[in-house]
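Per TrEMBL, the features are:
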ACT_SITE  A:Lys203  active site, proton donor
BINDING   A:Leu9, A:Gly10, A:Ala11, A:Gly12, A:Asn13, A:Val14, A:Gly15, A:Ser16  NADP(+) binding site
BINDING   A:Lys103  NADPH binding site
BINDING   A:Glu188  L-homoserine binding site
DOMAIN    A:353-430  domain 'ACT'
There are 2 protein chains.
Amino acid sequence: MNTLKVALLGAGNVGSEVARILLEDSEVLASRAGSHLELIGIAVRDTESKRAEHIGHELLTTDAEALVDQADIVIELIGGIEPAGSLVARALRRGSVVVTGNKALLAERGAELFQLARDNGGHLGFEAAVAGAIPILRPINESLSGDRITKVMGIVNGTTNFILDAMDTTGADFGDVLKQAQDLGYAEADPTADIEGYDAAAKAAILAMLSFHADFRIGDVFREGITSITAEDVDAAKDAGFVIKLLAIAERLDNGVAMRVHPTLIPREHPLGAVHGAFNAVFVEADNAGELMFYGQGAGGRPTASAVMGDLVSAVRRLTRGIGAAKDADAAVEVNQSNIKALGIENVLTSYCIGLTVTDRPGVLSRIAAIFADNGVSIEQMRQTRGFAEDDQASILRIITHRGSEQALAKTVESIRELDVVSHVNSVLRVEGN
Amino acid sequence: MNTLKVALLGAGNVGSEVARILLEDSEVLASRAGSHLELIGIAVRDTESKRAEHIGHELLTTDAEALVDQADIVIELIGGIEPAGSLVARALRRGSVVVTGNKALLAERGAELFQLARDNGGHLGFEAAVAGAIPILRPINESLSGDRITKVMGIVNGTTNFILDAMDTTGADFGDVLKQAQDLGYAEADPTADIEGYDAAAKAAILAMLSFHADFRIGDVFREGITSITAEDVDAAKDAGFVIKLLAIAERLDNGVAMRVHPTLIPREHPLGAVHGAFNAVFVEADNAGELMFYGQGAGGRPTASAVMGDLVSAVRRLTRGIGAAKDADAAVEVNQSNIKALGIENVLTSYCIGLTVTDRPGVLSRIAAIFADNGVSIEQMRQTRGFAEDDQASILRIITHRGSEQALAKTVESIRELDVVSHVNSVLRVEGN
């Protein structure tokens, strides 16, 4: 049995788990992959760091480029655009197998790197970059290769799902739950990337690339975070049979693909409604297969390491059998096959759940309803309750629309905002899956 | 672009959808697969049958063997052991690519056919045989190739899930719901294979083969159907926060793999608890990945055809790139790698939910509790309610145990059955996921 040299870049949460598996499970891995996998080195920023200590100093190096140049296989778990991008490109130019979990890099330079892999007979595995341990690359790229994907909706950020799930369960406010999530280690000290939807937007671009074979970027994704979601929004959604989730959505329209990330009401009995805590799930609609969902842990050292190892073993199996990495195109992604355009959110059809504080007097409802009618938006349900406001003439109105164009819906909300009987537009949330 | 000849065996629900896709989507398929796929013939029992009519008479033949001998790729959708088995073996001996949805055949002769594929440079794709449209073969075989699967639990039979879900939703009795399912076409006129768990047992064997790389058969699977589930069982489960599902379970124990199919109580908030109607789902536990679930339509012409086409396109992609089918071992299954034994259900650890009708007098509970203690089984919860029986001295007892050995649990039930104060053991159901 031959031996392949593995270089590991990064020794964080995921990196140290990958190192552990490579060292502890080397026999099982060899029997599955058909080659011995020798961990020849781990590139870190600082060989004296606490983090790297438990792995063994003899493997550590700060010279990542030299390490890449000696390896058959490079596992990139540094994260961020640079120096990760240059190192991945360097390895691919040598025709190496590269496995990465770097969503930021893929959402920014994916198409270029896939092309580099093809041109030089290398291979870029990235299962770990989307939804952690959940196998989604192969199901979309191979199992659905004879079908047509129409829409992908994912809960792809564990932090925001933890927060929204806790708000749903306990009725607590966003701020309190965020603090709790930070104390438990589910949210970072600076939670911006998660709660403002940047992380989910990168994953939306990657999911869209995979599903629709075009070169999409994070900048193509409409993005709205969860910071403005209140306990009242969660409660009102619950009352109407919905739960609020931050969804990453990519859907095929007549003339392109629209990508968006925003808090979304989905029916409680929808499969995505049962995704609790920090779990992730990706819901796929295809012409023939119908509805599919893939569920699992979207983050964490061990789950993400499992996805890295799956990519690694699959790639090595093919190398071992003499299938050049260049021919290993089943697991690769062809993102320049089509000239499918990225479309703005104004092109999608969706429905809105609108919360209003209105003056409680005769004729108000009919004036509001008229605005919906004028914009061609039809109302699915409307519910009026007494407001909590000191003003006892105020009442709270919740309106859920049927599906309509985003443009018509947005225009409707603008017109309603200008009505004198409407004292406040409390919330506007999109609804899916109904 | 070269052309590959495709033979289709069978023109039932799935077969006619596959024929439609091959004929209607031929351009898209060619661009994805890298070769034209030419449907050269469809083998049917009777070329004059109504069913086959709408496909086009010129493609129909009753000489399946001659058709197989002319084809590069054979799609077997006849079902059953023979003649399907001989035709599949014939094609594999010629080194052809075979795609099948035949679970009965795989659960009976899988290992032999996989070997035949390897020996002759052929390939056997069977994604469609397990859980219809749900991609499960590649996630288990490739994405988890660097991990260790410990347990697989699946809702793999749509008919029984439809029935149990309807019982749970409406409170109706088994018989009424079965009739309704038959009227709606969700259950066959002779529903035995579904409701007695034979279909699920075949799928359990295939899932175990895939997950644990050993040659398991349907005969290795412990099997118990859903015909004895009453509205009272469903109601009692609901009351305790559970839902009853027919699960196919395969789990790794110290000295082998135990496979079983039986009605099971699972917590309502468990991901499998949210699988409604005729949908299927497979829940996988792995050392590093943790909990994963794959959800989708488990049956039906179009969803199953989607899985067939995925296998077909993946296999053709590799053929097109000059990767011999023999080398295409990533998508193949190595079932003789290990000498892992099949174990009987007496080896598993599970918990029981036991329903008893008992005489309502002092000391009864303590006598029953003593039997649990004597067998080393600890009680998780016990609930006593007034019975519906005419005998007003009778009450209903529901006991849920902690996890214990199947042997100890079965012995406990035997001893309880013999107590004079126990007038009836109403139900004994296993509990998972708690």
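Any Cβ shown, glycine's included, is placed from N, Cα and C.
Heads up, TrEMBL stuff is auto-annotated, nobody curated it.
Annotated features, which come from TrEMBL, shown on the structure.
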residue: A:Leu9; record: NADP(+) binding site; Cβ contacts under 8 Å, 6 or more apart: A:Gly15, A:Ile42, A:Ala43, A:Ala64, A:Leu67, A:Val68, A:Val74, A:Ile75, A:Glu76, A:Leu77, A:Ile78, A:Ala84, A:Leu87
residue: A:Gly10; record: NADP(+) binding site; Cβ contacts under 8 Å, 6 or more apart: A:Ile42, A:Ala43, A:Val44, A:Glu76, A:Leu77, A:Ile78, A:Gly79
residue: A:Asn13; record: NADP(+) binding site; Cβ contacts under 8 Å, 6 or more apart: A:Gly300, A:Gly301, A:Thr304
residue: A:Val14; record: NADP(+) binding site; Cβ contacts under 8 Å, 6 or more apart: A:Leu77, A:Gly101, A:Ala128, A:Gly301, A:Thr304, A:Ala305, A:Val308
residue: A:Lys103; record: NADPH binding site; Cβ contacts under 8 Å, 6 or more apart: A:Ala129, A:Val130, A:Asp199, A:Ala202, A:Lys203, A:Ile206
residue: A:Glu188; record: L-homoserine binding site; Cβ contacts under 8 Å, 6 or more apart: A:Thr159, A:Gln182, A:Asp194
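Close to the recorded NADP(+) site, the chain also has A:Leu8, A:Glu17, A:Val18, A:Ala19, A:Leu77, A:Ile78: residues not among A:Leu9, A:Gly10, A:Ala11, A:Gly12, A:Asn13, A:Val14, A:Gly15, A:Ser16 whose Cβ is within 8 Å of the site's Cβ mean position.
Under DSSP, residues within the domain 'ACT' (A:353-430) fall into helix, strand and coil as 23 helix, 34 strand, 21 coil.
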